[in-house]
Amino acid sequence: MENFAIRAESLCSLSHHNPSSKNWVFGSSLRPRRIRLCPPRERLEFRVFCSIRETQKIKDAQKVDGVLTGLRVDEVDRGGPVSGSEVESGNGVRSDEVGFSWNWPPWKNLPQRYKLIGTTSLAFVICNMDKVNLSIAIIPMSHQFGWSSSVAGLVQSSFFWGYALSQLPGGWLAKIFGGREVLKVGVLTWSLATALVPVLAGFMPSLLLSRILVGIGEGVSPSAATDLIARTIPLEERSRAVAFVFGGLSVGSVAGLLLAPPLIQNLGWEYVFYIFGLLGVGWYTGFQFLEEKKASVAAESISGSQTVPVKKTWNDSLGELGDSLKDVPWKSFFRTPAVWAMVYAHFCGSWGHYTCLSWLPTYFSEELNLNLTEAAWVSILPPLASVFMTNIAAQIADNLIANGVETTTVRKLCQTIAFLSPAVCMTLSSVDLGLPPWEVVGILTSGLALSSFALSGLYCTHQDMSPEYASILLGITNTVGAVPGIVGVALTGYLLDSTHSWSLSLFAPSIFFYLTGTVIWLVFASSKPRNFSK
């Protein structure tokens, strides 16, 4: 490679140079000479690296009014993107390698906020894979260790204890350290705990502790993701961002239900935990290399009225950790009716979600007389349909907001659809209309898929109301939302034993909470930005 250098004595020489003045002079060896175009105040230096073939091209290049064509000059103060591989000159000035343009990996030129949202969504895929794997592996584990149904239920419910306990701490830590850092720690925690399940399965206290740790790691993740979205995504893109991130949960459920059975059949139940845990560790390693921009990402995307403080470093945050809890405006939160509306709506939505997630396979098998294989495949349909409906709902919500519809109106509309749709479908399924089993499956699948409108309703309201405290607000509502996972699932089984009626045990409580949640949401919910610190 031959090295050519062009030096100009003044920065203004490039911006005010007259092409007709014949100031560019090249010798026979094409070694440019120093040119003075205006008084020497500053010196601009840049380099162009050329191969031998490029050297010949330069020799034969045309000159238009004395200016050499084919060379691109990038101004030092522009700071914009340039093509080709950038190099540093001796003075630290940027230059380009002519003739080469590399665009790998494909996401190299994506905005930083899109990279963060994409990797966060992938974390949520792994999250639900690690959540549903035990529901399938519990069958061979119970046979191997001689567990009764009560013991198996205790093992599965232990996840929700950790999940419920970590919501508020997760929101608080995300507020202090930033959602990006908390998400990394959460993924690593639940992945290592998942991989340890086969080692600890023979000793019940250790097994329960490992599942509690899985719940803790996954429990801090929603608040961490909410904080990350609030800091990086503008209002007009927020519905799609929330849908893309939390939609990863549905993808994870489908992937876990599809992958776990063949892994258990071919390798043994232990490898479900080994492989799924290894996926999370791999995600953590890859996420470490995702570079953050030096400037605040919030300044790129969030309007001035919603700008939040730039994430602090760990050292700065540790210095403030002791005083941070008392700085959170807890009283202001609980004096706001809109916050209580979010709390109750989260509880109602979680009741229907967790009870159906736990009991629908049994309902399909016992009530609709589907065999176990059919029941397993049918159980995939609701989360699979939710994947598609989530994106449709997000597009509708963001388009309405972009066209000037009030944000609160959009959030109320989406959440109302999310509540009334499954309520109507459950009512139709619980009434004996003489429908064949596959029509009942289709009705329930439709209702549960439409409930994903909540990701453009309730789950966006935390960020709309307060980007600064969004993670803590979600921690509050998600703590209450985890209660149905502990109480609702067990209560459904108790009612089923007492009444022997799926309509009364599974559908009636969910319908009640969906309807009352709709009323509370329409009356009290609001997405109006609030300064809780005042």
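Each Cβ is built from the backbone N, Cα and C atoms, and glycine gets one as well.
Restricting the average to the domain 'Major facilitator superfamily (MFS) profile' (116-528) gives a pLDDT of 84. What TrEMBL lists as domain 'Major facilitator superfamily (MFS) profile' is 116-528.
Residues or ranges marked as transmembrane segment by TrEMBL: 185-203 (among others).
If you look up TrEMBL, you'll see 241-259 (among others) marked as transmembrane segment.
According to TrEMBL, the feature transmembrane segment maps to 271-290 (among others). If one looks beyond the transmembrane segment (271-290) by at least 6 residues along the same chain, the residues whose Cβ comes under 8 Å of a Cβ in the stretch are 115-116, 119, 122-123, 126, 129-130, 133, 136-137, 183-184, 187-188, 190-198, 256, 259-260, 263-264.
Positions annotated as transmembrane segment by TrEMBL: 413-435 (among others).
The feature transmembrane segment is assigned by TrEMBL to 441-460 (among others). Sequence-distant contacts of the transmembrane segment (441-460) (same chain, at least 6 residues past either end, Cβ-Cβ under 8 Å): 226, 238-239, 242-243, 246-247, 250, 342, 345-346, 349, 352-353, 356, 360, 364, 368, 378, 381-382, 385-386, 388-390, 393-394, 396-398, 410-419, 421-426, 428-429, 435, 474, 477, 521, 527.
Residues or ranges marked as transmembrane segment by TrEMBL: 472-496 (among others). Remote same-chain partners of the transmembrane segment (472-496), defined as residues 6 or more beyond its termini with a Cβ less than 8 Å from a stretch Cβ, comprise 153, 157, 159-161, 163-164, 167-172, 174-175, 219, 222-223, 226, 328, 333, 339, 342-347, 349-351, 353-355, 358-359, 458-459, 462, 465-466, 502, 504-506, 509.
Residues 337-338, 340-341, 344-345, 347-349, 351-352, 355-356, 359, 363, 367, 412, 415-416, 419-420, 422-423, 426-427, 429-431, 457-458, 488, 491-493, 495-496 of the same chain sit 6 or more residues outside the transmembrane segment (502-524) yet have a Cβ under 8 Å from a Cβ within it. According to TrEMBL, the transmembrane segment annotation covers 502-524 (among others).
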Cβ under 8 Å to the transmembrane segment (413-435), counting only same-chain residues 6 or more beyond its ends: which ones?
345, 348-349, 352, 393, 396-397, 400, 443-444, 446-448, 450-454, 456-458, 502-503, 507-508, 510-511, 514-515, 517-518, 521-522, 525
